[in-house]
Amino acid sequence: MNSSTPYIVHTHELNPPLPQPISGPSTAFSMDLLILQVNAFLDAAEDVEVGPETIQELLQLIADRQTTNVVDSEPTSDVEDDDDEWLPDQEHSDVELDISALFTNAHDETWTKEERKEMISFLKERGMGHFVRKYAINRAIPIPTLLLAFGIKLCPELQNRSNPTLYYFLRVAMWKELRLREKLSEYNTISDAVNLIRNSKRMLILTGAGISVSCGIPDFRSRNGLYAQLGDYELDDPQQMFDINYFRENPSVFYSFASQIFPSNFVPSSCHRFIKLIEDKGQLLRNYTQNIDTLETVAGVKRVLQCHGSFATATCLLCRRRVPGSEIESDIMRRKVPLCPVCNPPSSSSSSTPKNGKKISKKKAKGEWDSDCEDESDAPTYPPGIMKPDITFFGEKLTDDFDRSLEEDRDNVDLLLVIGTSLKVAPVADILSHLPHSVPQILINKTPIRHINPDIILLGNADDIVTYICAELGWDLPPPTSSTSSSPSPFAGRMQPPRGNIKKRPSSGLDEEVEERRQEPRRVDHSHVWLFSGAEGGEWLSELERQIENEPANLNRSESSPPSSATQTRASSPGTVDLRREVKKARIS
């Protein structure tokens, strides 16, 4: 184990689906502790990164125990009772298996109450990596003993598992604690948010697609977002469009819509310029952006980490030659698959084109590979040497810069500002759980995020909110900045942001037009939630208002409500689910 590497919990789904129980001669109540705990750890694999060897080890335990149970059990009746069978894909709401099976209320004196409190506090302030180094490595405490501090008592069969499996058990326990952040009760109002921003010296800003929507770039998951527009592509999952395995097979599907998100001649939004302003004042620790549009760079932000890469460069999948993104821009705008000129010199690419392309002719209207040939030979669908923008697809790992930066920043950050993201893609979404819980958190978003518990929530249009905050701070936003490319794109005219979304003239602070549009936010009763123009609270907001009315004292408790939808990891591929299917089959036999 590399003790210098941070232990990033790759969250796949913050609300695991109801698992299917293991089949057996009786109901789940007859399952022994081993089966219950193994199932609990398999459930947690939906949330916590786990190696295939560990999954196989746990699956083998299930298979061995099932075999033993079958041999040892005697049939109680010669008549099959179909009602007792667990059928594949059948949901059963009467039996719930979750990670609560790991926890016991049994009294254990290994750790005192004070020691447990100290260990959990250390974890929440220093993170997983430091916890493992201090207790498991430096103090050499056996992991089964460490797990007792988290209330987990492994059955004897699990206590002698392999080291990778035992460390997975520990990550599951730490993940459960880290995702239960308690709100800091001293921060609730917009004035608190303004003061936090004014006094911060090392602000970490985490941004997503919501800060670029006003620039004319579609987001992904909203009602009118990019994924909602992909119904005609006959994909198993809209996210398959960004799946690296799918891209290798059908790159033309991605390139048929890539022009919609290519960052050609977009103008940075107020949010981008707000980040630039924070940096100019010397208060920005780092901007972690999930966006691939490079608008932070266009706005002049230097301390930015593009976690999911960008269109700034492109790489050949065959020879790994890297070029500036501008070299493939023309093909992107024409919805063509760009080829590497080294792997496909002009003399050979022209001759190979007629042979390739019949396979997916259904999608020609969507910009598929051009070909007049009706040959259905076994030749490859596409020539070798496809160019791919250096954006991180599902199935690809983030660069080492992400882990290194997070390890460095977690010990320096004094304020976290989350803007315009639903936090549904890990590992970026997991940044919150790896920061000290004592660091204040402010959320600026159109919709609430159910699986986090920030100290101040500002719901509404992000541009309006940061403009309001700047007015309260007495700060002037920098003027809008266009791309400084020396060779303007021939497609620049069609890529301009929608009219009226961004002012074309420089602005010094709040002009009269902004003042006229300015509306005071509404506070949700006496809570830490404030509503601006464009806020979409939905059922979450109604639930909060009911909670305030009935139990005002619960406001400072960590949210226990599950998120409304799943979280996807960049390291896991929507089209590659064989391992998860194995887990499911093991549960339902």
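Numbering starts at 1 and runs along the chain as displayed.
Cβ coordinates are placed from backbone N, Cα and C, and glycine is handled just like the others.
TrEMBL does not curate its annotations; it predicts them automatically.
Other Cβ atoms within 10 Å of the Cβ of HIS308 (active site, proton acceptor), summed over all protein chains shown, number 21. Annotation source TrEMBL lists active site, proton acceptor at HIS308.
What TrEMBL records for CYS316, CYS319, CYS340, CYS373 is Zn(2+) binding site. Contacts of CYS340 (Zn(2+) binding site) defined by a Cβ separation under 8 A and a same-chain sequence distance of 6+ are given as CYS316, LEU318, CYS319, ARG321, GLY385, ILE386, MET387, in order along the sequence.
Here TrEMBL flags 356-365 as compositional bias 'Basic residues'.
The compositional bias 'Basic and acidic residues' feature in TrEMBL is assigned to 515-524.
Annotation source TrEMBL lists compositional bias 'Polar residues' at 553-575.
Taken from TrEMBL, the feature domain 'Deacetylase sirtuin-type' covers 183-476.
The region 'Disordered' annotation in TrEMBL covers 345-381 (among others).
According to TrEMBL, the feature region 'Disordered' maps to 477-524 (among others).
The region 'Disordered' annotation in TrEMBL covers 549-589 (among others).
Of all Cβ atoms in the shown protein chains, 12 besides its own fall within 10 Å of the Cβ of CYS319 (Zn(2+) binding site). Every protein chain considered, the tally of other Cβ atoms within 10 Å of the Cβ of CYS316 (Zn(2+) binding site) stands at 21.
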